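*Asks:* Annotation source TrEMBL lists domain 'ABC3 transporter permease C-terminal' at A:202-311, A:632-731. The region 'Disordered' feature in TrEMBL is assigned to A:90-109. Look at TrEMBL and you will find A:26-49, A:194-218, A:251-272, A:292-313, A:334-352, A:364-385, A:413-434, A:625-646, A:673-699, A:711-737 tagged as transmembrane segment.
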Amino acid sequence: MTGPRSWIFELALGARMSVAGGRSGILRLALIAIGVGLGVAVLLGAATVPAAMSASNVRTGARAIDNQAEVPRGDDTMLTAHLGSPYRGQSIDGELLQPEGSRPPLPPGVSRIPGPGEMVVSPALARLLAQPDAALLRERWDAEVIGTIGDEGLSGPAELFLYLGTNTLSPDTAVRIREFGPPGAVAEPETVPIFVLLTLVGMVVLLIPVMVFMASAVRFGDQARDRRLAALRLVGADAAMTRRIAAGETLTGAVLGLLIGALLWAGGIVLANRYGTGGLSFYLSDMRPVPLLVAVIVIVVPAVAVTVTLSAMRRVVVEPLGVTRMSVTIRRRLWWRLILPVIGVVLLWPLYQGIDESSSGYEIQVVVGMAFLLIGIALLLPWLVEATVRRLGGGSPAWELAVRRLQSDSGTAIRAVSGIAVSVAGVIAMQGIVTGVESLYDGDGDAGPVRYGTVVMPMTELPDRDWATALAATPGVREHRVMRIVQAGDQARLRIADCDVLQQLSPEIGACRDGDVFALGGATAGKRYALGEAGVAWTAPPATRVVTGTTDEPASGETLLVTPAAFAGAAVAPDSTSFYTALDGNDPDALERLRNTAARLDPQAYLYSYDRSSVRDALAGMRDALLAGTAALLVLIGASMVVNVVEQLRERRKVLAVLAAFGTRRRTLGASVLYQVAIPVLLGMALAVTVGTALASLLMVAVEAPVTVDWFGIGATSGIAALVVLGTTAAGLPVLWRLTAAGNLRSE
Amino acid sequence: MSVSFALLGLLEGGPRHGYDLKRSYDEAFGRDRALHYGQVYATMARLLKNGLVEVESEPGDGPDRKRYAITDAGITDMAAWLTQPEKPEPYLQSTLYTKVVLALMTGRDAAEVLDTQRSEHLRLMRELTRRKIDGDLADELICDHALFHLEADLRWLELTAARLDRLAEKVGR
Amino acid sequence: MTAPSSGTRPVLTAEDLHLGFGETRALQGASLSVYAGEVLALMGPSGSGKSTLLHCLAGILTPESGSVRYGDRDLARMSDTERSALRRGTFGFVFQFGQLVPELTCLENVALPLRLAGAARRDAHRRAADWLERLEVADVGGKRPGQASGGQGQRVAVARALVTEPTVIFADEPTGALDSLNGELVMKLFIAAAKETGAAVVLVTHEPRVAAYSDREAVVRDGRVRERELIR
């Protein structure tokens, strides 16, 4: 009787029944498959990203420049310098190469070192250069493209990278190397901690609802399934067989889900390969998910699906005469549901003191804390709904029908809603951080529009006049001012410029005359400083006024803002000079022309822009993506709620027909369906908004952003939730009408 | 036929005058048709002749004051009649009703009476069903007619069985 | 209790069954024997406990006290798995409605008990098709139960009960949801097929014309049984 063959038959029978259930059965199966598929896709993605990142890091590591090592000049050495020159919002990076002998090292992916006036570019950059409207970019380096960089020398297919040959580097301004990618070389600039945090939190926020959805998806239609199983018990299936048949049913969905997940993941990879930009572009060959993780996903997802099914069945006694649910008598208890969220709060609490970036474990702590808190919502919601519904009293007949129904069984309703609640809480938290970080980059609005929006910082020493002439000749540059920076030891510096420029560094300066001095970051009047390498003594005049700087440009250490007249006497050569330029706001190409001018005079020159719109754009993009993801998730959850409602209506067709028969108006029945959907959603949203806002506040405190309530996020998600409720109800109504149509009373 | 058993059954409670018998009969069974005195005396005469009842004369009274009592033979005959199912036929219920009430009155098992009758009905119905299955359409229609009538009887039996408690209460009063 | 006529032996014997649901006492000392190959009608007013008795006889419900013996084994002492195995191979069931699995075709429904018992697909389907043929519903084999009429569905259920050639078939109001013409047809085919395979049938019904298909009736009243003698 037992033995592998009958096992296979029983599993196959379950599979057979899961695909043969007519239209509603197919819909049920599709939802299970999509739910599991989404989870699998996200999991596969999570298994792929580290592999892709490390593949990409290996390549960027191989071309890294070790700027710490002391390398003596030789026949096999080369001078290099980093160049970074964005073009229309896309960052372009590269190295200047200047061989010092006959056997210079070759960068990975490059077959010949470009000489002066030559360059080797990445394929993506070559394509960009070839675009008809990229004339400004073609002018930038005035060099001939003699080849493209092979895949092994690039982080990804979309990377814009170049090696530019030159003969203007000197050991003072460049790094001497003997090889590319020596062990211990630091490859790329590190990512901003906030972005790491945001990414991790975002993943948690998306992953958990998907998991919740997955767990609830495999339970779609379990009441119909239990009835099926009861019929099987009658013809002699024993309890173990019944479980295997149920497992077979779930496995079908889970396996289909694995396939769908793999397809979604593959689609995602192709998209990432084609449209990925910057640091998120990978070769297809990079995106091999970690095999061990794939094996774990392939085994664990169906196993978890089956486990969820079987554990849900433990509360159900499937007998030949029908199904007994034991959950009705079990009142939900609060205490153990509080354990996870409390641990979450405890883990997150240190954030209240701000992020300690020096300790490396904080990301894990934050992510685990958030995960616990969000899972806690899914745990708390059933209790909340039950406790609330139990206290709800009578009202209109529609209200009464709905409340009584929820009192007798709120499980199905909650399972769908908890997914919504978790994702909404996550989104509100995320939106909160994004808003907070955004306001951080907005500089609280006290900076206002700056007059000199772009600063050119040359790395090579050239006469000021050359720059002045070139800047004046650049179309779109309205005016420019010089700022000289004189170091006063390691900790302090003097910034010498006209009042116009200084005023933009601190909003408190106000009235300013040539000869004034202002102090920032701990500098005070009367303090003595040793200037330059020579250590020329200079004292801040008694009239020096202490001001605070703008958040746009945080002062690093003691800074004295000095007008030229106040420094006239000091015979000190400036350590560096920068040019504050005002661009024509109506000329979109002005910035590109300025970059061209800078690149022509000094390819190493760095341009700093006060307009940090790129960061804002990135954040806004993140936020839009999150909102879109949530909307998609809510629609999916809405679909699962439709299934629940329809299934439940079908189950109660007799009662409904009787209600209709003795004259209950359809409006009343419709309203009761609406209430039934709306009550759990409303409670879920309330819990989600509360937890989400609290979480957002905490995270905002952590990143030292001003605490704001994200009314937009709350409004948007609540609106979508309301739409889901209405949509679910509307979708259930046709079934309700059909079931209550005359003539249904008789039929079984 | 059933009138004589009804009167016999009434005598099981104790000796009675002819007038009493008529009144008791009318009360218990004579809902539609009261019994004539003549019928009572004629029946009693027949029962007396068969030795199922005897007369207890009371001195100094007229012929109307004759008291009848049931004999042992009468009791045996009565019991046999009660346990003997009636031949299933339409419009049987008056006889069956008499039997049930008498069984209750005399403290016998009325349910047993009903079960016996049900069994007899079912026996005939089985026979008819068998004939129906083996026969042609004409047989089927004829048998069905009989079956539906018998079914009506049986339904009445079921209903009566379900109400025996209430009936016993009423009869016992 | 009257002794059965000679030459037959009881296949199922219930003795002094007691079972209650909350306040209601469904069975109060019910005893009954089912003899091989007989058709036994369980009659009695509604609420008398006849369905409960049927469920106890079939091992679907376990009585609080008393025993149900199949052969020399007590059903109450068996494990759920053993009872399931008994239901699978030795017993068959026909209920009023709802016993067919809506997701499977009629043919698959009939083949299901065989396949649960480990039969190969082809063999099971061949035997199932054979039974559908005998019950004159071969044409609905490929349809889902929902697409068949009530009478056809009931005959499919009968075919499923018979396909394992069980020793006892339990039928609870098998014609309860049918009109009299369809009911007659179902009963005629059902009983004929049962007689042919030699299966005993325990038939719960409140319809005398359905009970007339029986060989013997037992009346359930107040949780007790009055058995009539086996009539041959």
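Just so it is clear, glycine is given a Cβ too, placed from its N, Cα and C backbone atoms.
What TrEMBL says about a protein is an automatic prediction, not a curated fact.
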*Asks:* Going by DSSP, how much of the domain 'ABC3 transporter permease C-terminal' (A:202-311) is helix, how much is strand and how much is coil, in residues?
*Replies:* 93 helix, 0 strand, 17 coil
*Asks:* Under an 8 Å Cβ to Cβ limit, what residues of the same chain, 6 or more beyond the ends of the transmembrane segment (A:292-313), are close to it?
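*Replies:* Distant Cβ neighbours of the transmembrane segment (A:292-313) are 36, 39-40, 43-44, 46-47, 214-215, 218-219, 222, 226, 243, 246-247, 249-251, 253-255, 257-258, 261.
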*Asks:* Residues sitting near the transmembrane segment (A:711-737): Cβ under 8 Å, six or more positions beyond its termini, same chain?
*Replies:* 420, 424, 427-428, 431-432, 435, 627, 630-631, 634-635, 637-638, 641-642, 645-646, 649-650, 656, 666, 669-670, 673-674, 677-678, 681, 684-685, 688-689, 692-693
*Asks:* Is the transmembrane segment (A:334-352) packed against any residues at least 6 beyond its ends, judged by a Cβ distance under 8 Å, and which are they?
*Replies:* 362, 365-366, 368-377, 379-380, 382-383, 387, 691, 695, 698-699, 701-702
*Asks:* Under an 8 Å Cβ to Cβ limit, what residues of the same chain, 6 or more beyond the ends of the transmembrane segment (A:413-434), are close to it?
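*Replies:* Here the qualifying positions are 197-198, 201-202, 204-206, 208-209, 212-213, 215-216, 219, 370, 373-375, 377-378, 381-382, 385, 406, 619-620, 622-623, 626-627, 630, 633-634, 637, 640-641, 644, 676-677, 679-681, 683-685, 687-689, 691-693, 695-697, 699-700, 703, 705, 708-710, 712-714, 717, 721, 724.
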*Asks:* Within this structure, do the transmembrane segment (A:673-699) and the transmembrane segment (A:26-49) have 3 or more Cβ pairs under 8 angstroms, counting pairs 6 or more apart in sequence?
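*Replies:* Output no: the transmembrane segment (A:26-49) is apart from the transmembrane segment (A:673-699).
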*Asks:* Any chance the transmembrane segment (A:673-699) and the transmembrane segment (A:364-385) have 3 or more Cβ pairs under 8 A, given the pairs are 6 or more apart in sequence?
*Replies:* yes
*Asks:* So what's the average pLDDT for the domain 'ABC3 transporter permease C-terminal' (A:632-731)?
*Replies:* 78
